[in-house]
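Database features (Swiss-Prot):
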- Cys126-Cys137: disulfide bond (DISULFID)
- Cys313-Cys326: disulfide bond (DISULFID)
- 414-454: domain 'EGF-like 4' (DOMAIN)
- 562-597: domain 'EGF-like 6' (DOMAIN)
- Cys566-Cys578: disulfide bond (DISULFID)
- Cys609-Cys621: disulfide bond (DISULFID)
- Cys615-Cys628: disulfide bond (DISULFID)
- Cys791-Cys804: disulfide bond (DISULFID)
- 829-859: domain 'EGF-like 9' (DOMAIN)
- Cys871-Cys884: disulfide bond (DISULFID)
- Cys921-Cys934: disulfide bond (DISULFID)
- Cys1093-Cys1106: disulfide bond (DISULFID)
- 1131-1161: domain 'EGF-like 15' (DOMAIN)
- Cys1134-Cys1142: disulfide bond (DISULFID)
- 1169-1204: domain 'EGF-like 16' (DOMAIN)
- Cys1177-Cys1192: disulfide bond (DISULFID)
- Cys1194-Cys1203: disulfide bond (DISULFID)
- 1342-1377: domain 'EGF-like 19' (DOMAIN)
Amino acid sequence: MPVGVEARASWRVVALTLLLLPAVPAASQPLPPRPLQPSMPHVCAEQKLTLVGHRQPCVQAFSRVVPVWRSGCGQQAWCVGQERRTVYYMSYRQVYATEARTVFRCCPGWSQKPGQEGCLSDVDECANANGGCEGPCCNTVGGFYCRCPPGYQLQGDGKTCQDVDECRSHNGGCQHRCVNTPGSYLCECKPGFRLHTDGRTCLAISSCTLGNGGCQHQCVQLTVTQHRCQCRPQYQLQEDGRRCVRRSPCADGNGGCMHTCQELRGLAHCGCHPGYQLAADRKACEDVDECALGLAQCAHGCLNTQGSFKCVCHAGYELGADGRQCYRIEMEIVNSCEAGNGGCSHGCSHTSTGPLCTCPRGYELDEDQKTCIDIDDCANSPCCQQVCANTPGGYECSCFAGYRLNTDGCGCEDVDECASGHSGCEHHCSNLAGSFQCFCEAGYRLDEDRRGCTPLEESVVDLDGQLPFVRPLPHIAVLGDELPQLFQDDYGAEEEAVAELRGEHTLTEKFVCLDHSFGHDCSLTCDDCRNGGTCFPGLDGCDCPEGWTGIICNETCPPDTFGKNCSSPCICQNGGTCDPVSGACRCPPGVSGAHCEDGCPKGFYGKHCRKKCHCANRGRCHRLYGACLCDPGLYGRFCHLACPPWAFGPGCSEDCLCEQSHTRSCNSKDGSCSCKAGFQGERCEAECEPGSFGPGCRNRCTCRPGVACDPVSGECRTQCPPGYQGEDCGQECPVGTFGVNCSGSCSCVGAPCHRVTGECLCPPGKTGEDCGADCPEGRWGLGCQEICPACEHGASCDPETGTCLCLPGFVGSRCQDACPAGWFGTGCQMRCACANDGHCHPATGRCSCAPGWTGLSCQRACDSGHWGPDCIHPCNCSAGHGNCDAVSGLCLCEAGYEGPQCEQWCRQGYFGPGCEQKCRCEHGATCDHVSGACTCPAGWRGSFCEHACPAGFFGLDCGSACNCSAGAPCDAVTGSCICPAGRWGPHCAQTCPPLTFGLNCSQICTCFNGASCDPVLGQCHCAPGWMGPTCLQACPAGLYGKNCQHSCLCRNGGSCDPILGQCTCPEGWTGLACENECLPGHHGAGCRLNCSCLNGGTCDRLTGHCRCPAGWTGDKCQSPCVSGMFGVHCEEHCACRKGATCHHVTGACLCPPGWRGSHCEQACPRGWFGEACAQRCHCPPGASCHHVSGECHCPPGFTGPGCEQACQPGTFGKDCEHPCQCPGETWACHPASGACVCAAGYHGTDCQQRCPSGRYGPGCEQICKCLNGGTCDPATGACYCPAGFLGADCSLACPQGRFGPSCAHVCTCGQGAACDPVSGTCICPPGKTGGHCERGCPQDRFGKGCEHKCACRNGGLCHATNGSCSCPLGWMGPHCEHACPAGRYGAACLLECSCQNNGSCEPTSGACLCGPGFYGQACEDTCPAGFHGSGCQRVCECQQGAPCDPVSGRCLCPAGFRGQFCERGCKPGFFGDGCLQQCNSPTGVPCDPISGLCLCPPGRAGTTCDLDCRRGRFGPGCALRCDCGGGADCDPISGQCHCVDSYTGPTCREVPTQLSSIRPAPQHSSSKAMKH
């Protein structure tokens, strides 16, 4: 080893020793920890790399030319020549390499303290930055771990905590909505529900408590989840069932009116039918006594009736046809109208004074009282609303275009052309008053016909090719109802019925009208027929058209008839009325159908049964008005009004029976009468008895005997002549009294008596001396001389009027008809008050309630526990866990119960109302049959007991903590510790004994080679250098240390020690990590062997083999190249001819004697021979000199100046003078001897055989060297290549693009395609096809030969080469099978959408589809004010200028307003946004609904109105300044000035005249007073 190398090696050893030696501790310091060794506990080995620099030798060389002596220099034996010499020398370079060394450190989680044998102290990793844990950090012996608080779970990094979304599992156990929160969750309920005590179940709450149930006025709770809206008095509910509008005062109980009600300026004004007049209360109607007022004009007697009167005649007389005159029966009547119609132009009536001319309706008598002239009815304010046309004898109403005549014949109503479908509008129709208007959708315009619509972009084409013209606007057509076919009955029968109904009486002598007149007084002619009526053929009456009746067709059909002569009966039901012409039914609100057969269902009313009513206790509402049916004595929208005067009972539908003139008031509940002074009796019908007076006749008179007292005041009367009374005796005795002082009482049983004698004057219907007896059965009238009609249904004849007195429940002239539905009582005048489908008795009106209802008016729903009609059946839900259906009686069980009588809990696994909800409890938990709440068994928790107890807890509700060591879990039910593998003992406090492991330490360890056993899993902890389950395997190559976990640092194929990791280097390498190559001259393992190469050969550092320089060979490079070879590895062949050898190094030819040239191919020049042609010939002139030997003649077979040329074929011998004698071309002669031998390419005894394939040359001894199927010339060995190849030995394939013999043809294949070098056939690449690969694959094919089918979907394009899919816009995936995910669009979904405000983008173009409330290219704009919804198309309906939410349209009310549309102000006492803030004002003081400031009343001020106005201020809030002069103060409330110092006037600035000269007093005292 050279000295330098040895020195460097020694230095490295010293350096390594210094590194390994521990520092010597000072005597004053404590001993440091002992150096760590691999055998110490918790010590881990590590590899540490260091960078080491050293000098590396390298061999260099240079060349130079030096003079050398050479021998054989021609004439001289030696001469000096030039020779190139190479000099080799050694140099050094500085190189750096990394060296690895093993160091020992404490394993992670351990540390070494002074004096410890190894690493025995645990490191508390949690003390430093909490160990990196996000949650709690738990230190363990030799390590640590992170935990998370409840509601969080540990992430994969073992440190980060992530919130657990409990709502993802079973909705968190929540019945309605689960809301996740950090570390926990909570349950929420839908509107109308509240959270149960279990925190999960939702219970229904009163729906009225949420926003007043949406009601504008009042919310009435019906059930827990149902309510109805109710309006304040004078308001009615709209169709939406929430808002209220002011209702007509006539809508409630007919406005309190007995007969008719008319609304004027918001107030109800009552009216009465003919024959009645308003009572003093301006509501009730009382009969007009036409007899008493002299309006009857009866000839004999007058009998007053309800609403009318009737004339009666004395005995022996009979009532005339006019109903007033009386005629003796035996008197012959002379008809004054018989001659010339009495001179009348129209009607003539015979009277006792002569003919009386009358005119038909629409005419009036002229001044001659004979002639009838037409009345211009249109000039006298007719009922026509729009157009009036006067006609002879009448007038006709009509309407403008677009209107049609109402059924009353007067009013006009607009024709809704749009609703009838006759508008002809193509798109939209808008009805106008009297007309309509068509309009088109966006993007269209109205055609010239004003009906059709044409797109804006379309041009108008003149279809008929004529000039354009302007079309007039269409006239608006009035649509009339089509008249059905009319029915015609026998007119005679109808006339008889009419006559019977009129009750006319004819004389015994029947007379016949003459001169084509008719009527009861023969005063009518055919000219009197009205309303289109025509005369009968006999000219004896009018034939009326449809809808008219009467003797001259001047009366519309009665309500229950229609058609011609009113002969067809109406078939309208439920109170519907029929058109008198067509018979079409007009249904009242709440009823529908062609015949009004469809009434409104319960809870609805109105014309189309669309209005919703909400009556208390499920009460039924009036089908017309929606009003609730009230208890007796009450009426009105909310039954809050007392009955009007003289009405009582349910719905105030019964009339009081009191004598109103004698009565103070009538009880509204039971109809009892309170009498005025002077009257008594149940109906106050009787005056006080003589000797009593006053209210109820309870006071006794104090007059002397024989003197009567006033029954009202009790005053005593004076003595008057019989039949008279009064202070001046000018008054006749009142009815019922007679005699002196009218003291006698008539004993005429209510009939009047003669005022003087007391003789009874019996009224009609009475007879006898005291008029106490009624007329005999079948007789009536004065003197009981009239015969009663045939009354039906047990009715009797009124002895006074002769009318049939119908029993309650019947009506009609003969009581032949039962009361119509909804009416009862005497005369069917009382309206039934039965609600909710109840039926009333036609006589008594008593309600028979439908199932589920009870009460006098069936307005009260069945009480709990009863059901059926009138609620008479008791419920049989005896278990007490339910009620029964009020209609069917079926038990409606409470939540959690079922069975016919609700006696059973829900079957196992079900709960709730109807036991229809399925329990979701798990792990054997019991389910509450009412709420579904789970009661978990021990060891389980959660809403559905789906979670086991968390680690460390057990028992019921997991409320007990486990007492187990080492983090061992415990049994969730019993709490007993379940020791993990490796632990044992009652509390798992002990680790397994040595050589045992697993659960209960029951398994035996199987570890070898000094390994220890893991007490938990039994895994072997191998000693360094070993691995495997049982530590039987040594570390594999490249690994070392404990568990073979360290990677060796050995390089260049070096192997390391499996325990310590030290490197063992392979041949050719050295160093700590085998990173250094062997130095020159050294080789083998560790470079310890020396090389012995000669002749400049170099040594291989791995094998030691010599790498020889050019020209040398052998193990040690000791031998030159063999003859004919030269160069590196002696692999090059010499190119020398004539048997010359070449230089073994350079390859230069060493020519034999006689030859020269670079390849020794030339003979010596003439005159020269021998080696290097250096010798001159000495032959005679002209003689040849042999170029080798110098002889002066050529040897046989050669010729030429230098004998260098062989004999020509066919010659031989010396100087080639002899001709060959060999037969044929297959023979050749030897050039020297002439012997015949086979020619090149032939062989055999007769030289006739060609050389076999693969051989050539003389005797076929040479082997052909042609490749790739090439053939060789049998004579010369030249190769003939097949198609596709070329070259001397056919070793080269045709270059690309060529083919065929000698590669002469050019390929014609397409780009990228190859062609067969032999045939030129095109070999197509994948994706191409065709003879020249000129075509691509079809669209659905790909690959080589287009053999494979594409799998692209959704219009994707397939790559023809490899089948990969190119997806269209909006699709992605290997096969374009996935649409772009949300937020992406375009090609391969690579573009990111730019839509804002949660707008979604169209996956193809990226166009934004905006959600409700936004618009714009990127949905960046919020809907403009007043619009909301999708596309901002919906208009906000907010009032008070309030904006609306652009998304939902919800009105954002300003301060001071509330309601769905901000239509309501704050309730008194509330203010601010949403009217949620309560005013801080005293009771009765309102506050500003916006600011909440108190609105102080006049005279008060301050924030709470607790201060009086300061002087000089008055009014509300003391905001006004007083305007008082003369030092006067003003009233703080009204501002009125209180004058002082004689000042007067409204502002105290006027001085009286008498004081004007008096000088006013100085004002300083007043100033002092003011100042004081």
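Using N, Cα and C of the backbone, Cβ positions are placed for all residues, glycine too.
Classification of Cys126 (disulfide bond) by DSSP places it within a helix. When the Cα of Cys791 (disulfide bond) is compared against those of the disulfide-bonded residues Cys326, Cys1093, Cys1142, Cys1177, Cys1203, the shortest separation belongs to Cys326. Here the Cα atom of Cys326 (disulfide bond) is found 23 Å from that of Cys804 (disulfide bond). Between the CA atoms of Cys871 (disulfide bond) and Cys566 (disulfide bond) there is a gap of 46 Å. Of the listed disulfide-bonded residues Cys804, Cys1192, the Cβ environment within 10 Å is emptiest of other Cβ atoms at Cys1192.
Beyond its flanks by at least six residues, the domain 'EGF-like 15' (1131-1161) meets 1109-1112, 1120-1121, 1123-1125, 1169-1173, 1186-1189, 1202 of its own chain at Cβ-Cβ distances under 8 Å. Taking Cβ-Cβ distances under 8 Å and a sequence separation of 6 or more, the neighbours of Cys1194 (disulfide bond) in its chain are Ser1184, His1186, Gly1200, Cys1203, Lys1214, Asp1215. Candidate disulfide-bonded residues: Cys126, Cys313, Cys1142. Nearest to Cys1093 (disulfide bond) by Cα distance: Cys1142.
Of all Cβ atoms in the shown protein chains, 24 besides its own fall within 10 Å of the Cβ of Cys884 (disulfide bond). Residue counts for the domain 'EGF-like 16' (1169-1204) under DSSP, split into helix (H, G, I), strand (E, B) and coil, are 3 helix, 5 strand, 28 coil. DSSP labels the residues of the domain 'EGF-like 15' (1131-1161) in these numbers: 0 helix, 8 strand, 23 coil. In the three-state DSSP reading, Cys1093 (disulfide bond) counts as coil. Under DSSP, residues within the domain 'EGF-like 19' (1342-1377) fall into helix, strand and coil as 3 helix, 9 strand, 24 coil. DSSP classifies Cys566 (disulfide bond) as coil under the three-state reduction. Cys871 (disulfide bond): 21 other CB atoms within 10 A of its CB, across all protein chains.
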